[in-house]
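Asker: Please see the structure below; I have some questions.
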Amino acid sequence: MNGTEGPDFYVPMVNTTGIVRSPYDYPQYYLVNPAAFSMLAAYMFFLILVGFPVNFLTLYVTMEHKKLRTPLNYILLNLAVANLFMVIGGFTTTMYTSMHGYFVLGRTGCNLEGFFATLGGEIALWSLVVLAVERWVVVCKPISNFRFGENHAVMGVSFTWLMACACSVPPLFGWSRYIPEGMQCSCGIDYYTRAPGYNNESFVIYMFVCHFSIPLTIIFFCYGRLLCAVKDAAAAQQESETTQRAEREVSRMVVIMVIGFLICWLPYASVAWFIFTHQGSEFGPVFMTIPAFFAKSSAIYNPMIYICMNKQFRHCMITTLCCGKNPFEEEEGASTTASKTEASSVSSSHVSPA
C-alpha cells in the first residue's frame, strides 16, 4: 500500500519516516507546501463570495416576481437550493479547515461536510436529470398532449431529494464512510480503502452506476433527442429565420449544459474511479484535490448556465438589482419579444427553445 491507513482516514503517503499523523489532529504540511493550503482556502473563499450571492439572488428574484413562479422554475429553484447547501454546509467548512492545514473539526465535522457536499451535488445532478426529461417530454412529445404542471414539478423536486439522500445518507450509517481526501481538508466517499465492515466496494459501484452513469445517460439521451427534434423542425421550415435562430439558441444551450456537467464532474468521477480500481497504486495528495475542488465550482456554473441564460429571469434580476427599474429595458424587451416569436414559430413544429 502506498499510503497510510488509520481508523477513520487514509493519507496518501507511506509512513516510512514516521511523520504521517491523523488529519483530524495534526496539520498536514508534510504532504505539500503550506502555501497550497492557503491557496485552497482562498479558492473556497472565492466560491463562497460568488456562489452564495448568485444562488441567493436566484431565490429572491423568483420569490419577488410572480411571473417567474412557473412549474419549470421549481426545478431551477431546487438547483439553487442545492448549490446553497454546498456553499453553506460544505464550502465554509472546507475553507476553515484549509486555513488550519488539517480537518480541525474532527470526525463529526468530516461527516457533516461530506454529507452536505454530497447531498448538494446529488440534488443538483438529479435536478439536471429532471430538467432534461421535462424538455424531452414537452418538446419531443413522446406522450401526446402532455403539459408540465405544478404537480409534476413537485414530484420532480421530491425525486431529486429522494435520490440525493439515497447517495449521501448511507455513509453516515455504515455503508461506506466519509473520510478526508486529497490534502485532507475536505471529506468525501471512501474510494481509497477496503476497510472491514464498511462494504466500500459495493457502495462505490452502486454510486457510480446509479448516481453517475445512469444520470449521464439520461441527460445525453434527452438532449440528443431534443437537438434532433429542433433540427427536424428547422429542416421543415428552411425559409423561416426565426426557426433557424431558435435552432441555434437550443443547440447552444444544449452544448453548454452537457459541457458544463462534464467539466464539473467527469474529472472527479474519473480520478475517484481510478483510485478505487487501483487501490495500492501510488498517487499524491494533489491528484485527488484538484478535481475534487474543481467539481465544487459547479455551484457557480449551474446558476449561470440554467438561470442567467433565461431572458425573462435576467430582465427580472436587473429590475430587482436596480430598485425596480431596468436601465436596459428597451434592449431586454426587444430580446424577450424576439425570443417569444422564436418560441411561437418553433412551437408549430412541436419544438420550443425554452
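Even glycines carry a Cβ here, placed using N, Cα and C.
Residues annotated as topological domain 'Extracellular' in Swiss-Prot: 1-36, 97-110, 174-202, 275-286. The transmembrane segment annotation in Swiss-Prot covers 37-61, 74-96, 111-133, 153-173, 203-224, 253-274, 287-308. Positions annotated as topological domain 'Cytoplasmic' by Swiss-Prot: 62-73, 134-152, 225-252, 309-354. As annotated by Swiss-Prot, disulfide bond applies to C110-C187. Annotated N6-(retinylidene)lysine per Swiss-Prot: K296, in sequence order. The feature S-palmitoyl cysteine is assigned by Swiss-Prot to C322, C323. What Swiss-Prot records for 333-354 is region 'Disordered'. Annotated compositional bias 'Low complexity' per Swiss-Prot: 334-354, in sequence order.
Would you situate these features in the structure and describe their surroundings?
Answerer: Within the topological domain 'Extracellular' (1-36), the DSSP-based counts of helix, strand and coil residues read 3 helix, 4 strand, 29 coil.
Counting residues 6+ beyond its ends, the transmembrane segment (37-61) has Cβ neighbours under 8 Å at 28-29, 68, 76-77, 80-81, 83-84, 86-88, 91-92, 94-95, 98-99, 101, 183, 185, 289, 293, 296-297, 299-300, 303-304, 307, 313, 316-317, 320-321 in the same chain.
Per DSSP, the topological domain 'Cytoplasmic' (62-73) is made up of 9 helix, 0 strand, 3 coil.
Tertiary neighbourhood of the topological domain 'Extracellular' (97-110): same-chain residues 8, 23-29, 34, 37-38, 40-41, 44, 178-180, 183-187, selected by CB-CB distance under 8 Å and a gap of 6+ residues from either end.
Counting every protein chain shown, the Cβ of C187 (disulfide bond) has 33 other Cβ atoms within 10 Å.
Here the transmembrane segment (111-133) has Cβ contacts under 8 Å with residues 72, 75-76, 78-79, 81-86, 88-90, 93-94, 97, 105, 156-157, 159-161, 163-165, 167-169, 171-172, 178-179, 186-189, 211, 215, 218-219, 222-223, 257, 261, 265, 295-296, 298-299, 302, 306 of the same chain, all six or more residues outside its ends.
Model confidence over the topological domain 'Cytoplasmic' (134-152) stands at 79, taken as the mean pLDDT rounded to a whole number.
Among residues of the same chain six or more beyond the topological domain 'Extracellular' (174-202), those with a C-beta under 8 A of the stretch's C-beta atoms are 3, 5, 8-12, 23-24, 28, 31-32, 36-37, 40, 90, 93-94, 97-98, 101-103, 110-111, 113-115, 117-118, 272-273, 275-276, 279, 285-290, 292-293.
Same-chain neighbours of the transmembrane segment (203-224): 122, 125-126, 128-129, 132-133, 135-136, 163, 166-167, 170-171, 175-176, 189, 191, 254, 257-258, 261, 265, 269, 272-273, 276, counting only residues six or more beyond its ends whose CB sits under 8 Å from a CB of the stretch.
Here the transmembrane segment (253-274) has long-range neighbours at 121, 125, 128, 188-189, 191, 204, 208, 212, 216, 219-220, 223, 226-227, 287-288, 290-292, 294-295, 297-298, 301-302, 305-306, 309, 353, meaning same-chain residues at least 6 beyond its ends whose C-beta is under 8 angstroms from one of its own.
Within the chain, the topological domain 'Extracellular' (275-286) has long-range Cβ neighbours (under 8 A, six or more residues past its boundaries) at 1-2, 11-13, 28, 31-32, 36, 182-184, 191-194, 204.
Long-range Cβ contacts of the transmembrane segment (287-308) within its own chain (Cβ-Cβ under 8 Å, at least 6 residues beyond either end) map to 12, 40, 43-44, 47, 50-51, 54-55, 58, 76, 79-80, 83, 86-87, 90-91, 94, 117, 120-121, 124, 128, 131, 181-183, 186, 188, 256-257, 260, 263-265, 267-268, 270-272, 275, 314, 317.
Under the three-state DSSP scheme, K296 (N6-(retinylidene)lysine) falls in the coil class.
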Asker: Under DSSP, the topological domain 'Cytoplasmic' (134-152) has how many residues in helix, strand and coil?
Answerer: 10 helix, 0 strand, 9 coil
Asker: Counting all other Cβ atoms within 10 Å across every protein chain shown, which of the recorded positions C110, C323 scores highest?
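Answerer: Of C110, C323, the one with the most crowded Cβ is C110.
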Asker: Any idea what DSSP makes of C323 (S-palmitoyl cysteine), helix, strand or coil?
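Answerer: DSSP assigns C323 (S-palmitoyl cysteine) to coil.
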Asker: Please list, in sequence order, the residues in the chain of K296 (N6-(retinylidene)lysine) that are at least six apart in sequence and whose C-beta is under 8 Å away from its C-beta.
Answerer: M44, L47, M86, G90, F91, T94, A117
Asker: Any residues 6+ beyond the ends of the topological domain 'Extracellular' (1-36) with a Cβ under 8 Å from its own?
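Answerer: For the topological domain 'Extracellular' (1-36), the sequence-distant neighbours (Cβ-Cβ under 8 Å, at least 6 residues beyond its ends) are 100-104, 106-107, 110, 177, 179-180, 182-185, 190, 192-193, 195, 279-288.
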